[in-house]
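Okay, handing you the structure first.
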Amino acid sequence: MRGFFVTGTDTEVGKTVISSGLAALLKEHNRDVGVYKPFLSGISRHHPDSDTSLLKDMSQTSLSHEDITPFAFKAPLAPYVAGKLEGKTVTMEEVLSHWGRIREKHECFIVEGAGGISVPLGEDYLVSHVIKALQLPMIIVARPHLGTINHTFLTVKYAESMGLPIAGIIINGISDSPDEDEKTNPEMIERLCGVPILGVTPKLANVTKETVLHMVKDHINLSLLMNQMGV
């Protein structure tokens, strides 16, 4: 299976915007792409503003909202915690079983995690365990601001300790008038982590299909991305 697992150094770093943009970019280059975001918290998967809806719209997949996101919870918390509040526990086997049912429906997949790679998804597993099981290279979405060097370095080193392949890092959310830290962080992160920067993307005032696709086309290194995916 070709594709990527998109994770982040934190929550609210723009994983879904990047994931959906990558899916649209691959689609525009004639790739048969599907999307999978197994967990969603705090919003209905069918809501037009949900991560699931954006992923579905941008990828143009025929997969249903339930196919894309089989496990959804009401509380805006880590999936394991949100599930416990509802008396629900999702096992690793359930996540992988659902993946097995949809993975053959597309040539490649963009899979999006929940928060960072250490977020608990169930009683005895984290996002990192799902990444390892799916065997997809990671794309790490990181903030551009002060503090991101440490967060990104720790994410990379933990991933390496788990034997997880890392395709690259995307620095997301650069402001219109970047401070000195925003200007220098990408180069420092690439040097310290030894992982390629796939792109440095701006903060979007409005998230639409058009603005997201325009952003990734202008700011993501497509040739490097394709090379990391082996196409």
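Count begins at 1; order follows the chain as displayed.
Placement of Cβ uses the backbone N, Cα and C atoms for every residue, glycine included.
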Which candidate from E107, E112, E123, E160 does Swiss-Prot annotate alongside T16, D51 at the Mg(2+) binding site?
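Looking at E107, E112, E123, E160, the one Swiss-Prot places in the Mg(2+) site next to T16, D51 is E112.
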What does DSSP call T16 (ATP binding site) in the simple three-state scheme?
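Where T16 (ATP binding site) sits, the three-state DSSP reduction gives helix.
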Hey, what's the widest CA-to-CA gap across E12, V13, G14, K15, T16, V17, D51, E112, G113, A114, G115, P202, K203, L204, the ATP contacts in the record, in Å?
22
On a simple 10 Å Cβ count over all chains shown, which one of the recorded positions K37, K203 is most densely packed?
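Of K37, K203, the one with the most crowded Cβ is K37.
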Sorted by position, what residues of the same chain at least six away from G113 (ATP binding site) have a C-beta under 8 A from it?
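Once residues fewer than 6 apart are set aside, G113 (ATP binding site) is near F5, V6, T7, G8, K15, K37, F39, V119, V127, V130, I131.
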Which residue among the binding-site residues T16, S41 has the fewest other Cβ atoms within 10 Å of its Cβ, if you could check?
S41
